[in-house]
Structure formats: C-alpha cells, structure tokens
Amino acid sequence: MGLLLFLLSLSSLALSYAVGGDVCITGHDSGPVFEEQPSSVVYPEGLSEGKVTLNCQARASPAATYSWRVNGTDVPVGDPRYTLVAGNLVISGPQFGRDGGSYQCLAINRCGTILSRAANLKFGYLHDFPGEGRSPQTAYEGAGAFLACQPPAHYPVLSYRWFVSEFPSFMKPDGGRWFVSQVTGNLYLAKAEPNDTASYFCFTTINMDISTKSTFSKANQLTVQPDANARKSAPAITVGFPAETYALTGHTTQLECFAYGNPVPKLRWRKVDGLLPSKAGASAEGPILTLPEMTFHEEGVYECEAYNSEGRDTQQGRITVQAQPEWLQVMSDSEVEISSELHWTCVAAGKPRPSIRWLRNGQPLSTQDRVEVNGGRLKVINLALEDSGMYQCVAENKHGTIYSNAELRVQVQVPDFRSNPVRRLVPAARGGQVMMECRPRAAPKPTLFWSRGTELLTNSSRVTVTPDGMLRIHNISRADEGKYTCFAENYLGKANSTGHLSVRDATKITLAPSNADINQGENVTLQCHASHDPTMDLTFTWALNGALLDLEDPGGPYHRVEGKETVGDLLIVSGHLSQAGTYSCTAQTVVDSASASAKLVVRGPPGPPGGLVVKNVAATSVELRWSRGYDNHSPIGKYVIMGHSPLSPGWKRMRTDPSNIEGNAESIRVVGLLPWMDYEFQVIASNILGSGEPSMSSHTIRTQQAAPTVAPSGLGGGGGDRNELIITWTPMAREYQNGDGFGYILAFRKQNSPTWVVERVSNVESSRYVYSNQSLSPYCLFEVKIKAYNRKGEGPFSQIAVVHSAEEEPTVAPSRINATALTAFEMQVSWDPIQHLSTNGILQGYEIRYWRQHEREASADRVRTAGLETTARVVGLRPSTRYHVTVMAYNSAGTGPASPRTTVTTRRPPPNRPPGNVSWKTDGSWVTVRWDHVKTLDNESAVLGYKVLYKHEGQSALKVLDKGKTSVTLPLPKDNGYVVLEIRSWGEGGDGAAQETIVSRDSGTGMMVQNQAGSPWSNHAPLLLTATLSITLIGLLDL
C-alpha cells in the first residue's frame, strides 16, 4: 500500500512538472541565454552629472527577470542612483570610491539562472603637471640628450607627444634624431645640433570611453653648445626593452629601442631564433617594433641593433606569448531521465592554463552527496527533479574569464508511444532480414519486450530482441507475416504499440554487368537487370570503387540508359583512365537490395615516369635516370626528354644520345646543352595510344663551365672626341658566356701595322671601349677584332672589322657666299663647296648662321643641310630687316671655320589688307568676280598682281593675274554645289591677306565689302572645306 502511495505522489509531481506552475514546462519553456553582456567602462573621475549604462539582455521563455551584483553583493535596485531598464543597469552620477568595482548580471526565469561575465567600472583621471618650473638642460653638439616628461598621476595609460616653443608646434620625425618613448614619455635626442636650442613641452593624453583629457608640462629649456669639432661616436642604446616581455594573443605588442650616436644611428630588428614576422612591416627599421595580432609563432628572442659608421650596439629580450581562456569543448543542453547519471565535460585552452569551476543557477557547485566536481568534469548520479536548472562552466586565468551555459532537464514520464509509435506497416523481403524499432518516451528507462499475437518473442536462431528494444528477424519467410506488438513498462505505468510485418518477394540481379576493356575516349555500356516484388518500386544505383556515381548530371560522363523499370544499364561516355575500376550495380527496393560488380579496364597513354634524377653533369651534357610509370594496359613504346632553361619561355624537346629512347629504357644522356646554364628536365612516356603526362620536374641543375665558343658580334665603332678610337660591339647574351669571370679581349692596330694593341674589358655588359692617345691621327683607319673570355679560358677572335679614329672638324670654310631676299620672310643662301679632305673625316653638310644687324653673332639662328647641297632656303625672317649670314662645313666632330659674312635685307612686307568690294555675277555655268585694287602703304611692297584660288570638293586651281586686272571669269560646278574663291594680292614681299568668297550657280549677283578671308562664312566652313587643298595648274579647269 505504501509503495502505491509513493508511485501516486511521484506521478503527481511529474504531472505538476509537465503542466506548469513555478516549474519549467518541458517542450515549451527554455532557460535564459545571454544575447548581450556588460562590458568594462572607464568613467571620468569628477563627472558627477553623467550616467553609466551596463548592458544585459537574455533570450528566455518565459521572459527573464534581472538582478545585479557588485563585488559579489546584490545591487540595491531600490536606491535611486540605480535604475533597471529592461535588463540594463543605469548608474546615475557615478562616484569614485563608491561605485567602482566588478559588476555581474543575473538573468532568471523558472527554468534557471545564469550569471554574466564581470564588467569593471573604473574611474579615469589625469592630474595637472606640477606648477613649479623645470631645470634647464644643456647638451653638446654631436652628443645625445634627453628631456624627462615626469607625467602626473593618471589612469589609464597615457599617450605622449612633445611640442616646441608654443602649442601646437608638435615635433615631427627628423631622420631618426628624435624619439618619444610611449613607456616613460621622455624625449630623446640621438645627436644634438645647435638649432635644437628651444623650449620643449611634454603633452600627455588619456582616452576614456566617453571623453579624452590632455595636459602639458612646464617648459623644458634645452641649450645645445656648439662644437666645431664634434667627435663622432659609436651607437649606445639608451632606451631599451625588458629582458622578458609578456604578450597576449590577438593583441599588439611593442618593443622600444633608441640609441645615442654620431652620425645618427640607424635601427634594425631581428628575431634571434627565427625569421622576423612580416607583420612587423616598416617598424622593423624604427625605434618601436610593432607586432599586431600576436600568435604563439611570434614568441622568441628579439634583438635591436643600432649601427652607424663608427660601430654598433645591440640589446636582446624575450617575448613570451600568453593567451586568454578559449573553449575547446563545452557542454550542451541535455534532457536526462530521472535516476540516471549526468556527465558533462568542459575543456579550455589558455596560458597560463585556465582553472575551471561550475555554477548551478548562478551559485557555486562543488563535490557533495550525488555531485562530483573534478576540474572540467561534472558528474551527478541518481538524478532527481531538483537537479534541473541552468549550469555554467567557468574557465579563468589572469587574462580573463569565459562562461559556457547549458540547461539540464531531468525527465520523469510514464511510457508513451504517441510521438514515436512502432511503424504500422513494415515490409520485408523473403529470405532477408528486418529490424523493428521500439522507442517510446519514458523516464526512467522502461523494460521492453515483443509479442506476435499472443506469443511472447524470445531470442532464437532467427529472432533477436536487443536490450534497447530492437526486434531483428533473419531469413524471413511468408509465415512470419502478421502483427507484432512492443510493450514498455516502468514504475509509472505501461504502454504498447503494434505494427504489421508484410513479406514481399526478394530482389535479384537477373543480368549482371560483365567485365569490359576499352581505350581511353571510347564509350561503354555496363548492363544490369533485376527482378523484384511487383508491388514495390525498383531503383538502380551505380558505384565506382565504392563511391556512388552521379547519374543525373547531363554534362557528366555517367548516364542511365532509359528502358524498362527492371533495366538499369550504365553508359560511360568518353572513358578516362580515372574511370577504370570496379563498378557495382545495386537494384534496390524499400525492403531489400541486390548487387553485382564488374571490372572496367581503360587503356590509355602511360602515366608519368617517377623518380627523375640528374647525374653526371658536364658542360654540355647530363645523364637522366627515372623509374617506369604505369603503362595503363598498353606497353610503353618510347620516351622523350623535355627541358627548360631561363632562356626559353616554355618546355622544348631536348637532344639525346641515342636520339630514340626505347620504351624499356630508364636512363639517357642529354646532349647539346649550353655550358654554365640552369636546366630543369621532364620525361614523357608514350605508347600506341598517345603520350602521357610528363614526370615531375627534376631539381634545377647548372651545367659545368667551359671557355667561350663564339666571338661577339656587331663589331664596329668610330666617332668620339679628338685623339680617340671608339670600338663598339654587341654584348654577349647569357647563353654564350659559358661561365663566370666573363669579359672581352680587344685587339686593334693601324692598317698595315704589324703590331696589335690588346686590351681587356671585364664588364659583361660593356658594349664600348674608348682608346685615347694624343698621338692618334684624326680619321685614321684601324683594324679591330674581339673575343670573349671567362674563368675557363678564351674564345675565338671575330672577323677583322675596319674602324676609323675620331674625325677632326673641317679646316676649310666655304667660299663665295651669296644671300638673296626672296620675300619679306625668306631668303636663299648659296656657296661654293669646300674640297673634301679624306684624311680628317667625312663631310656631312653645311650649317648656315644668320642674325639681325643689331644682334651679336653668338645669338645667331642656325639651319643645317642634311647633305652636300650648296644652296638652302631660310624662312621665318622679319620683313625689311638686315641680316648677316655666314656658312661653315660640319662633320661628326663638329663645325669648321666660318666663311666671310655677307649681308642681305629682306623685302618690305606685302599689304595686310585683302582686296575690297568683291562682287560677282553668274551667267549660266560661269561666274565673273570683280574687286578693287589694293593700295599699298609706304612701308609695304608694291602689288604686282593678284592670285585667285578656286576650290571645289577638295580640288583647287590657281589663277595668277598681273597688276592691271581686277576681275576674272571662272566656271561653276555642274552639280549646283558651292565654289570657294580666295583673292589676294602678290608682290616682291610675298602674298597679301586673302578675301574669301562663296558662290553658287543660283546666287545671281552679289557683293561683299571689306571682308577678311573666311570671317563671315566661318559657320559654313565645315560644310565647304571638306578636304586637303591640293593646288593644281589652272589648265585643270580650262581657265
């Protein structure tokens, strides 16, 4: 009777847990999970009107309520200084000494309580520098010096800058002479200079979460005493870094280093026990080595070296990297049945190694009664309902604390099949096996057993009932059909669920795939037919070497052959070597399956040879050795050798001895190589089906050196200054140098001289040699030859080339100079040529110099002829101007003496006015144009006549009239198009300004008064002037 009452009370408790009240409702409620946690704040000390908000928000069902702790004590939310807004804690008018501390938020609902990470509220401050003045400092030119900052009391850390004389003249980098330590704030000077004398101020700044504060010191007076004989000095490191520095992963670490010295020392950093991290960037050559985002790879010994021309100094220190805790394994939400055991494990990494503690509903959890806490392991035995709640695993070291949360729900339930009943219909194949699951919800775990009808099933040769309720029946027959019932029972009650076993015909392969043999690129079909129970669907799958094939990709190599349901043939398109192997066909229904396999052989080109090594390296040959690759079912017929050097962009076939490499060979000699050249090699095997992939490239080798075998090309020369012989050639390309220590040997002699002069040029890039000798005659004929040499010897001489020594300037001036003014703007100059003297050079032409009468000859303009002409036209002159003209000969050495000067005066300029009162009259296909005579001024040249330029559709014709004619009759175009006429005067001074007139066949009579060329018709010019104006004789138009 007592047992019955106990079961009834337990059932009542379970029902209460399931339907609600003050307990967590299974399947409906969830414990709190933080979405936002508080963060540490630095608040300005003395700012009494402000507020601090510490955030806290959690996701929970039902919604969470919140409370706060400071330094482990509950925050009195009733105090008006504290306000809860949702879960956030707002502190009004925070005060130092009263509100500072470590704050934590608790999120609570009926499923449990969780505790947030700690957030520290600290107060920032920066006091003023002391009011008393600072002692003046004296330094000597060339020596080092420093000014102390002596910052006032502060929190948190400061940043430091210095300014000179007045704010804000902050100091700027000066070639590494200055340095401001961000550790002490001191200003250091590597080498003082007289102009450093000034007043200096230390400027400090703190950054807080809601504000920034700065202050600066009294003046630090620095006087630098000049020293004309400032002594040079080796570096002496003055600002160093600790012998041991602790860094934190993910954070930035900085090391400081600065040295006195004259000249100003340069700095460089290195990692003594490895490579300096590339993340150091430019800081690797500066006074502050900066390593962002630290990892354990950056741990080690670092060295700062200061150096100048007088010596060096070094300092070393170790960076030890530590890390905040980081979870490697955490627990997860769990639903566990009553009276069972709970095992949870938390694993955290960190340096130092984190310690781990546990919380349940925000309270510490320790070993007691049914609970065992062992570091990161939590074990609770004989679970009870009151063990349900929110659990937290806390890992912490000196660098931080992390939390992991999970919810535990202890389940108590009478067996229930509603959410997971036994399958109502279980098909199975005759001769096969079947498994029937029995998985009711129940807590504690129920006892399970099966029956068929009224027969209780027990283990036999064909029937197995596992402890977890799984029913297995082997070698099924029709007699096994029927209803099967699973019974579940615990001390809270019983339940059962029934399913029907239906026996079907077995699936069988009726036509298995056959082994196949194809060449690469061919198609093949593998057959597979099956029989099955007609009441069920049949599907086919294929696998290659156990890996399932994708038959649905239309662009893939595998395709299903469409046909009857019982046919599952596989088509392989363009077979590849990688598709060789064992193909398995599986015919499958929902109750059973049958499989059959076949092997597919794909024949193709050989695989890549392996193990390629280079042996016996000589100057022009090497020996290659390799191992045979896979022949892919077709014997290897031959090999070819491919090579690559810096001279060739790609791989090319190499010469071998013998030239044909048989398929059974595993070594060969490669010949025809260049000495002292880098090579890589590959071996390619081939058979009747083609060439395979190349082997992996050999290691790069360099052939042995040898003496040069060819002479430099492009031998020539000439030119240069007086008493010089210049020899030029084309530098030898890398492939012809054959070794190091490369250079050139030049040999030269005067023609018909028995003795050669020999010179060495040791620079491989040289392409020019200048031989200078005061006794060297100008334009003297030399025979020259050249050869190359290197460390191994000398090469052959080139063919002899003939080169002249430097020319001498012409020594004779042209004679009989004549200058004639052609117009106001040009003149023609003529002269008698000089006699060409072959003994001192080749005459290249003549240079005309001309200058106005009032100018100096040094400012003369120059015109050169390109050949041996004896006349030249000079343009761009000024009208009515007297010019002096002289002519001189020139060659590659320069110009010769000037001829006697002559003078010429350019003609008066032509009138700058166009013909006026232009009128025209059309008569059928002709037009008559008239104009007024152009009158000249006293300073203008006389008008000798007129020029009429006729333009139509890109062609033009010129009509020249004498002075007495002021009209002309011209034809009109037949296509009713426009004609453009330009009328201008001409005379001794040249052509005058033009008057432009536009006439068409239907224009009748017209007149234009005082019109400059083109100006009234400028808008039409693009329509009418459509091509280059080529001037043609007047006969073209029959004028």
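Just so it is clear, glycine is given a Cβ too, placed from its N, Cα and C backbone atoms.
Annotation comment: TrEMBL describes 1-18 as signal peptide.
For 32-122 (among others), the entry in TrEMBL reads domain 'Ig-like'.
Sequence annotations record features per position, and here TrEMBL assigns domain 'Ig-like' to 130-217 (among others). Across the domain 'Ig-like' (130-217), DSSP assigns 3 helix, 37 strand, 48 coil.
The feature domain 'Ig-like' is assigned by TrEMBL to 235-320 (among others). Secondary structure of the domain 'Ig-like' (235-320) per DSSP, as helix, strand and coil residue counts: 11 helix, 48 strand, 27 coil.
Here the domain 'Ig-like' (325-409) has, by DSSP, the following mix of helix, strand and coil residues: 3 helix, 55 strand, 27 coil. Among the features that TrEMBL reports, domain 'Ig-like' is placed at 325-409 (among others).
The average pLDDT for the domain 'Ig-like' (415-502) in the predicted structure is 92. Residues or ranges marked as domain 'Ig-like' in TrEMBL: 415-502 (among others).
For 507-601 (among others), the entry in TrEMBL reads domain 'Ig-like'.
Positions annotated as domain 'Fibronectin type-III' by TrEMBL: 608-706 (among others). With helix defined as DSSP H, G or I and strand as E or B, the domain 'Fibronectin type-III' (608-706) counts 0 helix, 45 strand, 54 coil.
Under the heading domain 'Fibronectin type-III', TrEMBL lists 711-808 (among others).
Feature annotation from TrEMBL assigns domain 'Fibronectin type-III' to 813-909 (among others).
The region 'Disordered' annotation in TrEMBL covers 892-921.
Among the features that TrEMBL reports, domain 'Fibronectin type-III' is placed at 911-1005 (among others).
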Out of 415-502, 507-601, 711-808, 813-909, what stretch is closest in contact terms to the domain 'Ig-like' (325-409), meaning most Cβ pairs under 8 angstroms?
415-502
When only pairs 6 or more apart in sequence are counted, do the domain 'Fibronectin type-III' (608-706) and the domain 'Fibronectin type-III' (813-909) reach 3 or more Cβ pairs under 8 Å?
no
Just to be sure I understand, if DSSP states are collapsed into helix, strand and coil, how many residues of the domain 'Ig-like' (415-502) fall in each?
3 helix, 46 strand, 39 coil
